[in-house]
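Engineer: According to Swiss-Prot:
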- Thr14, Gly15, Gly16, Asn126, Arg166, Ser194, Ile248, Gln293: UDP-N-acetyl-alpha-D-glucosamine binding site (BINDING)
Amino acid sequence: MTGSKTALIMAGGTGGHIFPGLAVAEALRARGWRVHWLGAPASMEARIAAQHGFALESVTFSGVRGKGLATLALLPLRLLRAFWQARAVLRRVQPDVLVGLGGYISFPGALMGLLRRKPLVLHEQNAVAGLANRLLAGRADRVFAAFPGAFGSAAPKARWVGNPLRAAFTQQAGPAERFAARTGPLQLLVMGGSLGARALNELVPQALALLPAAQRPQVLHQSGATQIEALRAHYAAAGVQAELRPFIDDVACALAAADVIVCRAGASTVSEIAAVGAAALFVPLPSAVDDHQTRNARWLVDAGGGWLLPQHELSPRGLAQMLSNLERPALLDKALKAHAMQKTSATQELVGACEELAA
């Protein structure tokens, strides 16, 4: 497509919504589309949209599930403000298609778009559809899901396509090729998701300290932007050397370089691990709405592509024992089984739907 159509990407809150949105936004731009991003000001999506050259259209709104009574009491006023702001964005941008990728920020924009008879494409990243997507699914023109059955009865005709991924995740060498040249200590990657994970930041250094120095893996540990100093203190207290970063820009290369990963089970993380083909121990976020991280991880673990450990069962001694027993042949087997579960057509499916609806 070479026409100058306009898309409004609606995704925010966490990397699990934002990075699939980024994959679709970049693919649309490469096809000649003008792309705007609906998000909250001073947010993760605002920062990432700016980094990648997308215009941010601001709407002030926040999630309500799991919040207190005071937040719920203010919901009508906050919704009215968000609807008014979204209406102004739509009048200014005049999008040909709206693309909603979940997160609370997508709801006011999508609803105002439907009232203006704008085509709506929805994608759900998690194994259990979020509230915004469930409410919108019956009115959307196209509905896609990263995991089978994510929408349940809310959208029985939703197409299972996997998660939109940036090209870097599908361009890595396969697991067999990567593992063939590896020798020496295992490479351990620890990721807590885009917001970090305090439990992993505290427990992993303690576990590594229980291993003899000669048996310790080489470690790359992503802390989350606000937890890097605390993470440095944990490793210093444990007497363990590691490469520590608040955020990993090239996640695809980091996944490909790892022999084993300890991580949360956000939708993007699970899909990216499958696309690259890597062995992972998933420790789902216990406070995730609808326990969707456990469901995300279960999809890959049930296929033999990793391990699942609830956070309340995670301990330094147990993790140390697991790490001490790992060998590359078994890790390669897990990586191959994870890789066999990859679904990498989602970006193209969503772009195709946008072009069809805007024609």
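Using N, Cα and C of the backbone, Cβ positions are placed for all residues, glycine too.
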Engineer: Run through the Cβ atoms and count how many others sit within 10 Å of the one on Thr14 (UDP-N-acetyl-alpha-D-glucosamine binding site).
Structural biologist: 19
Engineer: With H, G and I counted as helix, E and B as strand and the rest as coil, say where DSSP puts Asn126 (UDP-N-acetyl-alpha-D-glucosamine binding site).
Structural biologist: coil
Engineer: In terms of DSSP three-state secondary structure, what is the assignment for Ile248 (UDP-N-acetyl-alpha-D-glucosamine binding site)?
Structural biologist: coil
Engineer: Might you list, by sequence position, any residue in that chain lying six or more from Asn126 (UDP-N-acetyl-alpha-D-glucosamine binding site) with a Cβ less than 8 Å away from its Cβ?
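Structural biologist: In sequence order, Gly16, Gly102, Ala146, Phe147, Ala150, Ala267, His292, Gln293, Arg295, Asn296 meet the Cβ cut-off.
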Engineer: What does DSSP say about Gly16 (UDP-N-acetyl-alpha-D-glucosamine binding site): helix, strand or coil?
Structural biologist: helix
Engineer: Please identify, from the binding-site residues Gly15, Gly16, the residue with the sparsest Cβ neighbourhood, meaning fewest other Cβ atoms within 10 angstroms.
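Structural biologist: Each of the binding-site residues Gly15, Gly16 was scored by Cβ atoms within 10 Å; lowest is Gly15.
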Engineer: Rank the binding-site residues Arg166, Ile248, Gln293 by the number of other Cβ atoms within 10 Å of each Cβ, and give the residue at the low end.
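Structural biologist: Output over binding-site residues Arg166, Ile248, Gln293: least Cβ neighbours within 10 Å is Ile248.
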Engineer: DSSP secondary structure for Gln293 (UDP-N-acetyl-alpha-D-glucosamine binding site), reduced to helix/strand/coil, please.
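Structural biologist: Gln293 (UDP-N-acetyl-alpha-D-glucosamine binding site) sits in a helix per DSSP.
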